[in-house]
Every structure is written in structure tokens, then in C-alpha cells.
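The structure appears below as C-alpha cells.
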Number of protein chains: 6
Amino acid sequence: MRANERKNNELRSVEFIPHYIINPEGAVLVSFGNTKVICTATIEHKLPPFMRGQGKGWITAEYSMLPRATNTRNIREAARGKVSGRTMEIQRLIGRSLRAAVDLEKLGERTIWIDCDVIQADGGTRTASITGAMVAMKLAFDKLVADGTIAESPLKEYLAAISVGILNGEVILDLNYEEDSAAEVDMNVIMTESGQFVEIQGTGEEATYSHAQLLEMLDVASQGIQQLIAMQKQIS
Amino acid sequence: MRANERKNNELRSVEFIPHYIINPEGAVLVSFGNTKVICTATIEHKLPPFMRGQGKGWITAEYSMLPRATNTRNIREAARGKVSGRTMEIQRLIGRSLRAAVDLEKLGERTIWIDCDVIQADGGTRTASITGAMVAMKLAFDKLVADGTIAESPLKEYLAAISVGILNGEVILDLNYEEDSAAEVDMNVIMTESGQFVEIQGTGEEATYSHAQLLEMLDVASQGIQQLIAMQKQIS
Amino acid sequence: MRANERKNNELRSVEFIPHYIINPEGAVLVSFGNTKVICTATIEHKLPPFMRGQGKGWITAEYSMLPRATNTRNIREAARGKVSGRTMEIQRLIGRSLRAAVDLEKLGERTIWIDCDVIQADGGTRTASITGAMVAMKLAFDKLVADGTIAESPLKEYLAAISVGILNGEVILDLNYEEDSAAEVDMNVIMTESGQFVEIQGTGEEATYSHAQLLEMLDVASQGIQQLIAMQKQIS
Amino acid sequence: MRANERKNNELRSVEFIPHYIINPEGAVLVSFGNTKVICTATIEHKLPPFMRGQGKGWITAEYSMLPRATNTRNIREAARGKVSGRTMEIQRLIGRSLRAAVDLEKLGERTIWIDCDVIQADGGTRTASITGAMVAMKLAFDKLVADGTIAESPLKEYLAAISVGILNGEVILDLNYEEDSAAEVDMNVIMTESGQFVEIQGTGEEATYSHAQLLEMLDVASQGIQQLIAMQKQIS
Amino acid sequence: MRANERKNNELRSVEFIPHYIINPEGAVLVSFGNTKVICTATIEHKLPPFMRGQGKGWITAEYSMLPRATNTRNIREAARGKVSGRTMEIQRLIGRSLRAAVDLEKLGERTIWIDCDVIQADGGTRTASITGAMVAMKLAFDKLVADGTIAESPLKEYLAAISVGILNGEVILDLNYEEDSAAEVDMNVIMTESGQFVEIQGTGEEATYSHAQLLEMLDVASQGIQQLIAMQKQIS
Amino acid sequence: MRANERKNNELRSVEFIPHYIINPEGAVLVSFGNTKVICTATIEHKLPPFMRGQGKGWITAEYSMLPRATNTRNIREAARGKVSGRTMEIQRLIGRSLRAAVDLEKLGERTIWIDCDVIQADGGTRTASITGAMVAMKLAFDKLVADGTIAESPLKEYLAAISVGILNGEVILDLNYEEDSAAEVDMNVIMTESGQFVEIQGTGEEATYSHAQLLEMLDVASQGIQQLIAMQKQIS
């Protein structure tokens, strides 16, 4: 039995607090159970060198955790003097996913900086980050439209992300830290409101999975994502 | 006239939310107006090499800001690969100040790690950090006593910190960012509940100040600190 | 039409030169068309700290490219002073994949260091690296068995990796650089000889893909992988 | 009793050797007892980015110690690959203090680089550095006036720095290393020739100090500073 | 007796495989016995800042070893985050030597980047690198002439490099790793086809050498170099 | 004509000030004309890991320049966060040279740290550093003998270093900065009092040199070195 009598295909309690901090162009505090992430979107009216002169914009992301987001204290990456491989992997995933939801030409020669700072971690920080960053980005786009900078929102479709896995042979949705640590297979699925895949990353943890298990995981994830998108659409 | 009709010797609205995140041994979200800092205290049952074998403990601090704590986005220190001089100065100040309030021998051979993460900045982040860290540390000490690890709290006295400055020739308390940027003199005062100084740092910003101005600043700061300590004492 | 009249579901010319360099415990030069990678396996009779005392071994990987593996010169990561996010992502993937093929308890308290150095790059460097590293690791295991260090090879199953993608709406196998740059969807599949998935990473490049396209890509990839594994099994 | 029968309010033997090295625009070797610092001033006819276009100049400082300035060898910061927090704190203090003595508009769009290299250390390296840097900067200003680059020296007032502290309950001036290590309170005071404060940094070392003690320390420091300024004024 | 019955003044088996990899403007795999180095030359049509506007070109070199080029695995310099002193010394030597063979004015405002990547090491990696880099650079010059970018090859003379040393009192040529580790004196000689010295670096390894020994080493080295140059001249 | 009517085979004015700073076990300020270097020797009663358990000692060196040792200001290596290739090359040369003069077994399991800090630079900083470091090391050895730590000085022979070069076709000794910048060939020679070579590094600067020129340079250098050693022997 999962914590709080949660069913295998049930999300944890999900909450979005938009405008949680006041300076960014878009900001939200997103919670997936005890996982809490401050997601912000910053509009910069210039581009990184490799994107200039193509008449389109760019979206990039950074991710970090407070030292005591977790049960034991993590050394800060700033103190270590370098960003870990795990962090790089996550921030590349966030940026890549969001770009799939946006018409970069409508954005124009601008960069959207996404920052996801995990203040409390209990599994699923990358899926909560993507799902919250989607909202922060949407709020920033709304501001660009509201102040007349661009005519139309560059958002093509909403998207959200969720984890799914196999634990003791059963497919479960939205794993918390304890479940994630014990799972045989761990998969992150990112999908749009129209049901298209943006990214699938499915990893056997010193294990493997069959074609049938893959299909079952994708089905459960897909239902969770549609629930998340329904909640995102309430926010403005 | 100051924002919100604040008087020259008046603190901004101050709030402490204890146990704001659940993993650390002590945690508080402290607000001085729009400045908001998550302060946590972590107990580690070992010491840095230079402190070992002296029969006493150590307190050290780290400080950081989210990229969009401020009005424009700051590059992360982890991305730069090094901690700035300003950050180092602040984290050394936080650690040094708290050590003055603690009987390190009663703490025993343990390290208290203080983390101050500014999620929103509007001036006074270092004084809010020290004042909040004092509370987080106190909560961690209470836990050590409650679980029987140590017999008695190592806290000797409460302390708090506040900024004071001279703006257009007038002494003002608890400067926000706009006031701080324009002030001729900027001073941080850290003081105990018994009115002893722990640290004074008073800096003319391309300016200087007289002996009389120094005394007036210390007087105003002292009153603000006593109000902060009264609030700290309500928390458990 | 693909280069060299290749069919959509056809691998490029694949070659393995085992024992290509003489010092490592296992070594192979693997070519997928013009992509050439030196893969080596080093046996170290100790473990990283986080793995000690669990009675099992560890497999970790590093990946690099010569500056002129590509058409224009890349700055060396050693000269930059840090490893890129792309490199970290790839070396984490190589290590994680290989661990899924190995019984770490049979390996005993040893580390296998995999090094994949790309001397020429034309797309698919990560799948060639995994497929070659599998062979280098197998040769190193054979040596451990041959010299009596361990009784039985810790290899559970062979595995191989291949890329598959969607270009102009068609599913194609084993993309070269030019195809990869133009593809709408890019997927890497890692699979064992028994047909179980080890890892799937499917990314829409500013695009998305449907459930049906996913299934078609997995099918084509699966056939390519079985051909690669048949070749791996010839080598000793 | 202090070393060499020094009285509590007495400076150590102070010496300035101007033009000690020949390349810089201003240079002095300053000694406070056994503490010896080479201070140089370099004129650069450009500004850091954040200062450009404001019609005024900038003064910045760097500080370092030779490895055997001290009794045991310190690892070089260049070998460690980073500057310590202590060094950053000191070099920020030197730059900030000197800027308070200068009319930056008269300096024009130029940077003065101050370098303070401690060749022998016996306490008070930061106060000796500031006091010597004042002289090096003054010599560089004289050169700018002499060669007609600027019409008038941008120096508003001389300033000097001295340490003061409380040891065994007594206020003492200009602490050497042994005294500094044992002192309960350590304060650095930077003051102009007209008696205005530029900076006060007073720190209880795991201790605190009263209002009365603060006043006594400032009084003793003030007398020491006026003696240092009298000596600075002899130099050309 | 030396390995393979080699005489004291005899080179190891030397081989050049030109065009070993296909992307660079010049490329060769050079072998001195078991030492194997991939040498490439890249033409860049711009200059480092310090060389601009002088109407002449620049040649610079980088050097690296694969982790298992040697008998035990070396940590990558990219993973360490910095280039070792030994590597820096070697890459400075390669660049400096090649510049002596080239008329930089005929090269025009271009940079030649030399990359020497040791894939297998058995002593003499720096002399093999220089000797191979000479060939890679020559091939790149030929390409510049062939495509009409420059009228005439900037190569003034061929040059090659070889090691010579004293082992058990005897002068020996082209030391392998085992000989190099045991030698009393180790010298690298770089010489042109006309017999002029480009660089001599002769080092007593916790030992010294006489004037007569120096002359004998130079004589033996000189003969080896002329043999290498004869081989280089066959390649196109 | 050389500056100060110096003859081609004449040293600049050379001076040694022993015990120039008081903390190190050996210290000297050495001047070769306007080149001035503080050389110190530190005795550490332990060894780096790779030297342990062999019953002998180690000598290692570090080298640095003050920012304004030169005519324009150099950025500090600590500020850059890394040591330059030139610095590494020099400090490896200093350490290697000194080890050739010492019986490391007589030194016992100790490290001698040599620090050479150039406070003023006018060419020949590496030869002045080696020549001064020899004296600092000798003073430290004397202290080890005087306090009974070791029975006999581990110094086998004195050594010194000097530069020699070819300028306008003429061989000149001990080049100052201006001569060094213009020279066609630059050679550093390190030799013992018995006339044995410790190290020769002769570099054509985009030029080459003949066998006859080599011999003439070695002859002139040899005479200069014997004069330096005669001066070193006067110091205690």
C-alpha cells in the first residue's frame, strides 16, 4: 500500500501558487506532495551567440536544490565550484521540453530563462520543475502579450511531465523519494495536451523492462499528465 | 517620506514562519518587508579538521540568492564556478556573529551548518539572514536538548541584526533596497538581548561620518534590535 | 534517398577491431560508418566510497572527443576547465546502461572504468560508444575469469544501442550527422539480446511524436540491435 | 606588559620606503613593526564595464601574502585555484576605504589598481595595507598632475587605518599577531585627517563588547591614526 | 641489451599513416615503436588577440593522452578541471618548435592549431608528437597552396625531434618508457634538415652530465633526426 | 653597446641579502641588476604521497611575480584561478635543478619547499630564482645540521643558473628584458661548481642556431656561473 492510501495510478496532492515571488515576469511555487519547487521565467531581450540572426527566440533552464531540500545536507554546487552531471542533465531536459511547446519564431529574438529551485525534495523534482516551469513561462508570455511586445502568445500547446515506474512488478504513478529509490524501472514522460510525446526517458535501474510494461507505463503516465494540464489551465 | 509612511526609526513589517520546510533540524522563513530568506540549521556530529580535539563545537554559515530574488536576473554562483566576494563576506559574518551567542563547549564536538537562501531581496538580506538564522539555530538546539543529546541549550543569549544608515543627512532604520542604494552611510549592527555589541560594520559609501552620527545610528539600531529579539523569543 | 543507397531500416557499415591498443584489460575500436570510437575497459580493485562494503562492484564511464573528430575544431574540455553537460549526460548513460547487463555481485568489490574516446564523429557517437564499451567490458571480464580472479563472468546478457529517428516523416535507423541534424525526432534505444529494454530516450527536437510513431521506431531499433549483438558475439 | 615595553596606546615602529620598486606609478614598502607590505598603485586609462560613461573614475584593490610571510607556510591562492574569503574581504575593504578619500570625478575615466603584497606578517596586515596604499595612490596622483594628465589631485583628504582591541579587559592599539590571537575584541578603524570615520569594523571573537568599551577603542584608534597621517604627509 | 636487439644509436620502428582521420586539414598517425600519436593540423582564418595586425600567422599546439595510453589509467585532465604542468610544458614546446620551421609572414593572418593525442604511450611521446605534427602541418600547408589561398608553402625547412639519454653510462637513442625511467640523463633534441638546432632540453635526473657527454648525445641525436626527416619527406 | 657599458660576457650587478625576511628556515633577496627575487626555503617534516616510504626527501618549488614586477600590470594567477603554463614550466625547472645538487637520502623523509617571488623583473627571473633558491636551501640545510636534526648537510655541490643568448649574431651573457625580447636565441644553463651540466634549455625564437654557436654560448655561460657560485659561497 502506498503512503496516504494512494492508488497506483493516482497523483500526489498537486498545488500551484502563482506569483509566489514578485520580481520575475512569471513565477509559481509548485508542489507535488512534499516536493516543492519555485519556478520562475525571466524575459531577456537578447539571445545567446549561437541563436542570433535566425529571427527566433530561445528557452533555457537552470535547476538547483537548497542544501536542506533533502533529508541530509547536500554541499552547494557553488561551493564545489561546479555543477553536477545530474543537475546538467535535468536543466537540459527542462529547456528542451519547453522549447517543444513554443513557436520560437513568434517569441522573436528573446531568451526565456527558466529557473527551478527545489526548496523541498521528495521525488519527482524534475517532473514538478517542468510542470511548474510551463506555468511560469505561460505567465511571462501573457505579460509580453499584455504589454504589446508581441501580438500573440508563442505557446503552441500546454505540456506537463510526470514520473512513472515499476515497483515490485507493479506500475505506479508519480513516485515519491522512497518509491523511487526502490523502483526497478523509472520513467519520465513529457506530453502535450493533444497527447503527443515530447520526451520519454525510461531507465532500468540495474534492471530491464519489456515492451508490454513500456506500454502500460505510458498509459498510466498519459492519464496523470492530462490531469496536470487541466490544473495548469486554471492559472492566470 | 519613506515607503508605507514608515518613520525613520521604524522597522519594516517582520514575520517569522518557523518549520517552513520540514527536513532541517531548525528552519524558518523570515521576512523583513519584501526581503524573504529561508534559514535552516543542520546538526552534523563531526567537526572541520581545524576544530577537532578541543572539546567544543563549531558554527558555520552559507548564503545564497535565487537568481530572480532581485529585479534583474543574477547569474548563479554555481554556473560561474565560484562564490563572489560579497557572498563570502556575508557568510563569514553570519557564522562569526552566531558563534558569539553560543557556548561552544556546551555544544560539544558538533558542527551547526546554517544555510540562508534569499528567495526575495529588497535590502537588508544579511541582517534578515542573521536574525532568521538565530531562530533556526535555536530550534535545532531545542531538538538536541529534547532528544537528550545534550543536557542544556548552548545558547547564551539571543541576538539580532539590523541595518541603519544616513540618507539625506537623516538616520534611518532597516533600509530597503532603494534607500540602501542612495544612502551616504550604511551600517550593520549585531547586538545581544543584554545590549552588548557582537559586530559593528559601518561604511561610508564614498563618504564619511562623524562621531555624533555614529552614536545616533547605534542608538536607533539598538532599539530595532530589541524589538526583533522580542519577536524571536515568541517562536518555538 | 540516404547516402550509399542505404535503406531506412539499414545499419551503416559496422566494424569492431578488438585489442586495438595494448595496455587496457579490454579494448576495441568500433566504427559505425565514419563514426569511430576507441573503447577501453580498466579493472580497478577498489570502489568509489558510496559503493564500499556492499559486496558488489561498480561500472562507471567517461566519454570524450578529439578536437578534430568533427568538421570544425572543438575546444578541449580540459582547456575549458570543465566537462560539458552533453558529455556528462552521455557518460552517465553509458555507465547506467552497462550496469543493467552485469551481475554486480559476481563482479565483486571492483570498479570497471569504461573510456570512450571518439576519434572521428559522424552521428551516433553515444550508441557506438555503448555498443563498443559492451565489447571492451566483456574482454575485461574474460581476463578476470581467465586469470582466476573470479569464477564466472558477471555478464548477464549482451546489450547494444542504436539511434532511430523521424526524418521528413519517415522512420530511419542509425542516423549519420547530417540526418541527425535534420531529424524531427531522435531516439536512442538500448536493448538486451533477450529483447528487454535497458533505456529509451526519445526526444522531439522542437517537435513531438505520436504513440504510433513511437511503436514504429522501437520496432526498427530492435532489429538493428539484434544485428549488432550478433556481431559482438563473434569477438574474443 | 607588551613586547618592547610598548604602552597600550602606542603604535609599533612605523616606516615608509617610497619608490621601493621602480615600475609602478606609485609604490611604497610600509612596515608596522614586523608587518611589511609592498603597496603599489597602477593607473589604467580605462574603466570596468559597470563604471563606464559616468564621467568618473574607480579604485580597486588586490591583496596577497607570500607563502612564508607567516611562521608556517601557507598554500598559494593561485595553487588552490581560488581566492579565500578572508582575502576577498580585505581587498574589498581596501578599495572601499580609498574611494572615500578621493573625488572620483576629478580622477576622470581611469582606474587605480592598488596591489598590497604582504612579504612579512605580524598582525595588522590590513591596516598597514590601507595606510601604505594611501601613500602609493597619492604618489600616482602626483604623477598624473605632474605630467599634466589632470589639473588637480583627486585626493580629498588623507586617511589611515589602525587596529585596536580588547585584551584581558584592556584596550590596546596596533595589535601584533600574538595579541590579535588572544584578544577578546578586534576592531579596525579607518579615519580621515579631519577625524571623520570611513569605516569601523568591530568584531567580538566569540565575545561581545559594551558601549563604553566601543567609545574607548575609538578614542585610542583615533590618536594612532592622526600619528600615521602625520607620517604619510612627509612623503613625496 | 635493448629490447628487440636494438643498437644504442638505432631508432625504434617508425611509421607514419597520413590522412588517418578525415576531417582535419592535415592528419597523421605516427608510431615510434609502441608510442602512437594522432597528430592533426587545423587552419583557422583568424589570430589570437596578441598576434593581430602584424601581417603574420601563428602556430599553437595542444597535447593530451587517452586515459589508458599508459599501463595504469590516468585521470582525465578534463575531469580534474585543469591541465597539468607536464602537459603545458609539452604543448608549449611543440608550438615553439614548429614556429621555428615556418615563415609566419607567408602564412598570413591565420592560426594553425596542432593537436597531438597520444593513444598509446611507451616513451618519447613529445618527440613523436613534434615529428608527426610537422607532417600534419605540412599537409595543411599543401592544402592552402592547392586551393590557391596562399601562393607558396610557408614551410622553410623540415624538422624532427628525437630523445637521447645516458643509461648506465652509455648514450642511447630514442628511449622507450622503461629506458627513460632508468636513465641518468634525458635530452630532447629538435633539429632542422640543414642541421641547425631548434631546441635542446637536456636534464640530469637527480644527476649531471659532462661537456663530452653532451657532445656525444648531440651527435647521436643528429643522426636519428636526419633519418626521421628522410621519412617525413616521402609523405604527401 | 649594452646598457651600463656592459661587456658581452659580463654579468649584471649581482647581490644577495640573506635573512631578508625572518620567518622562513632559509631566505635571501637576490638581485641580478633590476631583477629582484625573494627566495625562501621551508622545511616540512613530511613527504608528498608519491615519495613516501623510500627513505629519501623531496624538493619542490613555486614561482610567482607581483603584478607590478613588470612595466605593465599582470593579472594575478590567483585572480585568474589558475597557474599559467609559463609559471608551471619555471617552477618545475627550479625544483628539478635543485634536486640534482642534493643527496636526497641524507635529507631524510622531509620536503623542502622553495618559494621564488619576483618583486621586480628585468629579464632572467628564472636564473636569478634558481641561483637565489640555492642559497635559501643551503641556509635551511645549515639550520637542520645546527639543530642536530641531520648529521651532515645533504648538499652535494653548489649550482647556479645563468641565461645566455644570441643577439644580432653575438653571444651575450645574462640578458636583461630588452635584450631577451630582441634575441634570436635564448638559452638557460644550470651548472655545478665542478662544471657538470644540470640542465640546458636552448630555444631558437622563430630561429635556429648552429653547433658552433651552441659551444660558444656554453663557454660564456660557464664562466658566468662560476662567478655566481663564488659569491654564493660567501653567504651564511
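The backbone N, Cα and C atoms fix where each Cβ goes, and this holds for glycine too.
Take the phosphate site that TrEMBL assigns to A:Gly124, A:Thr125, A:Arg126: the candidate from A:Arg80, A:Arg86, A:Arg99 listed for it is A:Arg86. Cβ neighbour count for A:Thr125 (phosphate binding site): 23 (other Cβ atoms within 10 Å of its Cβ, all protein chains included).
The Cβ of A:Arg126 (phosphate binding site) has 25 neighbouring Cβ atoms from other residues within 10 Å, across all protein chains displayed.
Listed in chain order, the extra residues whose Cβ falls within 8 Å of the Cβ center of the phosphate site residues A:Arg86, A:Gly124, A:Thr125, A:Arg126 are A:Tyr63, A:Ile90, A:Val118, A:Ala121, A:Gly123, A:Thr127, A:Ala128, A:Ser129. When Cβ atoms from all protein chains are considered, those within 10 Å of A:Arg86 (phosphate binding site) total 14, not counting its own. Listed in sequence order, A:Arg12, A:Phe32, A:Gly33, A:Thr35, A:Ile162, A:Ser163, A:Asp174, A:Leu175, A:Asn176, A:Asp180 are the same-chain residues six or more apart from A:Gly124 (phosphate binding site) with CB atoms under 8 A from its CB. Broken down with DSSP, the domain 'Exoribonuclease phosphorolytic' (A:10-140) shows 42 helix, 41 strand, 48 coil. Contact annotation for chain F: of the listed binding-site residues (A:Arg86, A:Gly124, A:Thr125, A:Arg126), none places its CB atom under 8 A from a CB atom of that chain.
Taken through DSSP, the domain 'Exoribonuclease phosphorolytic' (A:159-223) splits into 19 helix, 30 strand, 16 coil. The maximal spread of the phosphate binding site, taken as the longest Cα to Cα distance among A:Arg86, A:Gly124, A:Thr125, A:Arg126, is 13 Å. Averaged across the domain 'Exoribonuclease phosphorolytic' (A:10-140), pLDDT in this predicted model comes to 96.
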